[in-house]
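Listed features, source TrEMBL:
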type     : residues  : note
DOMAIN   : A:39-557  : domain 'Cytochrome oxidase subunit I profile'
TRANSMEM : A:179-205 : transmembrane segment
TRANSMEM : A:217-243 : transmembrane segment
TRANSMEM : A:300-323 : transmembrane segment
TRANSMEM : A:335-360 : transmembrane segment
TRANSMEM : A:372-394 : transmembrane segment
TRANSMEM : A:406-430 : transmembrane segment
TRANSMEM : A:597-614 : transmembrane segment
TRANSMEM : A:620-638 : transmembrane segment
TRANSMEM : A:669-695 : transmembrane segment
TRANSMEM : A:707-726 : transmembrane segment
TRANSMEM : A:778-800 : transmembrane segment
TRANSMEM : A:820-841 : transmembrane segment
Amino acid sequence: MKSETGFDPALYARFPTPGERPEGELEELERIWCAPRGWQLLTAVNNNYIGFFYVAAAFLFFLLAGILALVMRVQLALPLQGVLPQDTYNQFFTMHGTVMMFLFAVPMVEAIGVLLLPQMLAARDLPFPRLSAYAFWAYFVGGLCFFTSLFFGLAPDGGWFMYPPYTSITYSPGINADFWLLGIGFIEISAIAGAIEIVVGVLRTRAPGMTLDKMPIYAWAMLVFGVMIIIAFPSVILGTLLLELERAFNWPFFDPTRGGDALLWQHLFWFFGHPEVYIIFLPASGLVSMMVATMTRTPLVGHYLIVLAFLATGFISFGVWAHHMFTTGMPNLSIGFFSAASMAVSVPAGIQVFSWIATFAVGKPRYNVPTLFLLGGIVTFVIGGLTGVMVAMVPFDWQAHDSYFIVAHLHHVLIGGMVFPMFAAFYYWTPMTSSRALSEQLGKWAFWLMFTGMQVTFWPMHLVGLMGMPRRVYTYLPGREWEVINMISTVGAFTLAAGVLAFLIDVARNFRFTTDSDAGNVYGGGTLEWLPTGLYSTRSIPVVKSREPLWDDPKLAEDVEAGRYFLPGSATGLRETIITSPLRAEPQYLQIMPGPSAWPFLGAVFTAGFFILLTVQAYIPSFACGILAVICVLRWLWDTDRLVKEPDVDVGAGIRLPTYVTGPDSHGWWAMMILLIVVGMIFVMGVFSFFYLYGVQPRFWVAPADLWSLAMVLPAYGAASGLAWLARYMLAREATELWTPGVLFLCGAIALATGIGADLWSWIASGLRPDASGQGATVYALLGLEAMLAAIGLLMAGYISARNSRGMIVRPHNNSLDLCVLWVIYTAGQGALTAVLTRAVGG
Amino acid sequence: MTSGSIFAVFDPAGPYAGSITTLAWVLIAMFVAVLAVVIAALWIALRGSGRLKARLGGTRAIWIGGIGFPVVVLTALLVYGLTLTRHLTAPMPQDAMRVRITGEMWWWRVAYLDPSGRPFMLDANELHIPAGRPVLLELESNDVIHSFWVPRLSGKLDMVPGRRNTLPIQADGPGVFAGQCAEYCGGPHALMGFVVIAHEPAAFDRMMAARRAPRPVPDERGRQLFRSTGCAACHRIAGTEANGMAGPDLTHVGSRRSLGAGILPNNRGTLAGWIGDSQAIKPGNRMPPYKTLSAADLQALAAYLEARK
Amino acid sequence: MHTVRALLPLLLTAGCKPPPDEAQHMPQADPVRGKQAIVRAGCGACHVVPGLRWPQGQSGPSLEGFADQGLIAGRLPNRPDLLVAYVRNAPATLPGTTMPAMPLTDGEARDVAAYLYASGKR
Amino acid sequence: MRTWAFLLGGLVIWAVHFFTLYIMASVFLTPPLARTLTMLITLACLGAIAFLAFKARRIEIETATDSWVRAVALLGMGVGGVAIVWQALPALLV
């Protein structure tokens, strides 16, 4: 048999192990994983809790943004209504879009992932439980503060797309726009944290034997989802940074009179914004694929086709961003490329839809509430997809763009593609996390009201859009016959809301949260999340031999519950899970996991505080919060990366796995690599902005800093990476008394700071100022990014020295040092590229 | 105020909008056909006979329905769309009439250009064109992004600060065509309308000639008032000392069909009302209210402006 | 739609109010057409007109409850014939008034007056 | 890595093709030159896909996972190829 890691797959034959498990093993497992109670629940990090909080919070934002939509529909029901004054309406529609996209849709799919994935992969938890806790609390606290701005009339009013120059300081002098930029900025950071968690989780914490082809389709969807966030979100992070720099310090990125360009924002925003749609849709599609299979009691037809569809969507969706810009007057050739890619991306959608239809045809569908939502979702999504093909046709888009036709299109796609599947998932997976299932009867009411309401609301909008009604209007004049259509839409919106209300009643009556006495496998699903679970997930971690293990091995649940598989108890007396290899899921080592801690929660609160206080220009409290946040994060990290006594332990059936692994096999290394990809993407988008502005307005560009300065900058960066590498190398050698790795690393970080300092100095000496032109702004932005990374490098040096002094940097290899070395080497590389590229053009 | 057919995109008035309407009908047919296929397939999958279900239940169905069929349809559409794009953006004849329209918060600056590209006549919020002849619009913006959209004449095109976009339009016959700003530009974006009026070519030439003819001396009292009240700081009236460029050009304001960028009928009464308190009519617009004007002055100003044909 | 909405206030008030004042009776005038004329001429640019959501200009006095007012523009007796003349050509009817002449035919002016009287009764 | 290269190869080549064309269209705006370059780039990318597909067909099949990887890889190359051809159409038609 082929092996990826040297693990012999024949060992799987030892499971299920015969015989009884020792007395007290299960009790110990329960004790180790038991959750904090009362107020202490804030310190919980287990995915059962964090996932549930996350879903609940995201749903709260769905309701809030939905209420905004209802008020807007009242305002538009008749021409020239006075329900919402102009300013308030503009804030309402901005908040509706922003909250739905950033505070509901992405967090919701991520939340469902946090809740479901470990269960589905039979991992004890996600690989970085404290990171998910941090991501959740930062999102929740920050999101609530952000939403509250509406009550003070301070909510952003530039649209969820925030196009400058309208959102520049000249035309939006208030702090409303800053709320958007800073509020969204860190919600993006929280999304990225979650994505790193999910990618590493799917690739490295699958149950043994769960090879790529046996991975549940939902895990595939989440893998692609995570990678897409990692590639797409940096673009909008950079965009928000640039716009905030322009607003705060007058750096003209988007100001055409000084060599900026308003369209740069649109490129940055939509490079994120369109993949965003698929980031929302793919996880939902994964859920649909899982549920269709269960509801028809048959394996998904064309599983590999759907996997391919996910992968293809993940790629091609990055080639369609400019179809939001067909009317900006781009050259025909560019427009054509984006039109073609927009067509191409609908092929994977077709594959998914026909795959579901084929599965329905093979199996015997049951007509319960999840199935209804699935069918309603498929039909609605197809309608949205087809209007999507229509607007991918450039000339048609010239008419439809920014009209109500688009409003109808995007709501069909998002409600059909994500909201209906989400409700199906709520009904389907509630028995996993509640002691009672939801009601079939109320559920049917909820579905039919929502489905009817949805169609009644949005079908007429296609028409009124083609009758000339633009989007984002707070009112319209009478006499164009838009009145009747708008009134119908409003009635539909309230019908839709009534459906949501029915669902809420159902939840209030039947939902009872539990982690260990859930209602069980009501619908007869075949994947691992339906194994009996406690807070530790499954008692033992099964060997996976097929895609629907529960269908193929009826005894599996019993064996797992009796502890006859991997890791029947705790091997080290700590929280732990098995890390497996990425392709064939062969067990590699035992990961020791951190338990409950207040630090992620406090860190998140202070992070949110930093951004929010910064927005309201309370600088001193804000920076105090920032420092506290850093301290909290360092304090939480301090507990991690510890050795346990036993270098390797028995994880069941006599199979021994190491408890501490360093280097490219460790999950920490993977997470750091992904983080570096995120940073690298921010850098790439920064370089794109630099060359883009040069291409648009070269006449504003002056001669760059002289090349001689490179003679100082490049060696400094070279020294930084060399010293960092040396620190790691010397740690592995026995005799390193004088040059302790801590000191070497510190020298590396200082070299890094020298490099960026020299580069900065040479640019200042060249006379270019950041507020002078697009060139100045982008050059100093790139330098600023590099300086920030270098500052983090210095912080790391302090952290490493502190650990070193406590003897926590262990030989021969140590994860904390490894990861910091990676960081410094990357930063040095980026710094060198920055220095060379910024001098490449101009003059 | 606004006028014209309510069916906008479905009732094109010229070739540029017309070919898009044809495309729209083709796309709608595609929409209906594909939706019908999907719903039929879903119906068979759920309720069909065993034989039909068996044919649908397999990867072959996905290959045909999910890959083959879309590839064929989309290739055809892509070729159609790209060809039409090229056709619609083909260069205009050199001698075509050119007009520069500049987006402002929240109105439109209109400048008729001579063959050398210099403005020879200024106006606002209304465009007069000859029927049956193509007209090239140069679209610009002085502040934020706006979008020019008169659905019965052509698709929309954005007005981006720092850039100049060109849009060809043509009306086949005389008529009045309503438009509206289509890119959110803040504040009263919803009340930023526009009107295109197409004339018989002969009538159009007469109108332009009349506008360019030497103007009779305007009434002295109104002119005085226009200056002393401060109107002239923002508004221009050709042939007088009023030369402000911040607000709409009022040289021909009396001949406009609407006030406040396509939102209010234009007559002496509404002119007076607009001057007195335009904020009550179009909240957020840039013109301050003049509530302190005396009755006689307001009357005289309104009469003066109404006479600027 | 227009008709229904314009008549709504009438329907609401028809039942519970005394019969129209003889002095304000407007034969052969149609309040519905009057409302259309008001929209077309843009009276709302200066006045709050009952039943008109927009515009609601503040330059002139509100026309709510016009039937119950004693005087037109504070000086003329509130009589139908005077009102008709006034809405058409205010400066001629009452020299020195702020209100300009409006582009209304005599018939339209009668309709407008009828609308003001009808919708003013509350 | 080999496995991932096969699984994602077709789509990666699509991405390379797309961004090359995008950059090219942004730099050279003269249609005849752009057209020729598009043709060349497209042929090169299609050739790369064909080469990869040839290699992928010869993946040793020992486990179910291997045959699954081969199926997904080949399909990915097919989709990538179609998308590349579409991507080239604008340069030829616009």
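Any Cβ shown, glycine's included, is placed from N, Cα and C.
Unlike curated entries, TrEMBL annotations are predicted automatically.
Tertiary proximity for the transmembrane segment (A:217-243) is limited to same-chain residues at least six positions away from its ends with a CB under 8 Å from its CB atoms, namely 106, 109, 113, 116-117, 120-121, 162, 164, 167-168, 177, 181-182, 184-185, 188-189, 191-192, 194-196, 198-199, 202-203, 206, 251, 253-254, 265, 268-269, 271-273, 275-276, 278-279, 282-283, 285-287, 289-290, 300, 303, 306-307, 310-311, 313-314, 317-318, 674, 677-679, 681-682, 684-686, 689, 777, 781. Of the two recorded stretches, the transmembrane segment (A:406-430) does not lie close to the transmembrane segment (A:597-614), with fewer than three CB pairs under 8 Å once pairs fewer than 6 apart in sequence are set aside. At the 8 Å Cβ threshold, with sequence separation of at least 6, the transmembrane segment (A:669-695) lacks contact with the transmembrane segment (A:335-360), having fewer than 3 such pairs. Tertiary proximity for the transmembrane segment (A:372-394) is limited to same-chain residues at least six positions away from its ends with a CB under 8 Å from its CB atoms, namely 284, 288, 291-292, 295, 323, 326, 335-336, 339, 342-343, 346, 349, 353, 356-357, 400-401, 405-406, 408-417, 419-421, 423-424, 427, 443-444, 447-448, 450-451, 454-455, 462.
Proximity of the transmembrane segment (A:179-205) to the transmembrane segment (A:597-614) is established through 3 or more Cβ-Cβ distances under 8 Å for residue pairs spaced 6 or more apart. By the Cβ criterion (distance under 8 Å, sequence gap of 6 or more), the transmembrane segment (A:820-841) is not counted as touching the transmembrane segment (A:597-614), fewer than 3 such pairs being found.
With a threshold of 8 Å between CB atoms, the same-chain residues lying at least 6 positions outside the transmembrane segment (A:597-614) that come near it are 42-43, 45, 130-131, 133-138, 141-142, 145-146, 182-183, 185-186, 621-623, 625-626, 628-629, 632-633, 635-636, 639.
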